[in-house]
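Below is one structure, written out as structure tokens, with a few remarks after it.
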């Protein structure tokens, strides 16, 4: 059993998703969105830090995966996204949990099978793969997809490295 926390950073809404992974099986443990309430960026960053810190303390993930910053058309938006991402990573690193980064294209490829997939396709696949009753809110679905991407990469890397216990449902 390994808990993986996926984070979809955003300056207004940061999605999180905790996935329990045993071998090639995954199940959603918790997911949601940290919605910031302030107009100014410094208090929003504090809310993101506190929210992710609370999730890390509550679930104790073994590993964390987070989406890489993409180059936005608007430099100010990219800067705010980078700051939100930094606040989330700082909260995780405070607990000494390893962080892995994936591009949006890598996440879509791992979950949907094509890197150019639409948001609704990602949400539907997350619902299907984790056997959820309904599609999660967009930011939470993205966070769960990021966690699933890491679970797939982790399993693939273990197989390539010749991990012996992958065959028994555990990666060691």
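Any Cβ shown, glycine's included, is placed from N, Cα and C.
Now, the feature entries from Swiss-Prot:
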type	residues	note
ACT_SITE	8	active site
ACT_SITE	67	active site
ACT_SITE	139	active site
BINDING	8, 139	Mg(2+) 1 binding site
BINDING	67	Mg(2+) 2 binding site
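Separation of the C-alpha atoms of residue 8 (active site) and residue 139 (active site): 6 Å, rounded to the nearest whole number. Sequence-distant neighbours of residue 67 (active site): residues of the same chain at least 6 apart with a C-beta under 8 Å from its C-beta are 7, 8, 9, 85, 101, 102, 103, 104, 107, 142, 146. Listed active-site residues: 8, 139. The one with the lowest count of other Cβ atoms within 10 Å of its Cβ is 139.
Classification of residue 8 (active site) by DSSP places it within a strand.
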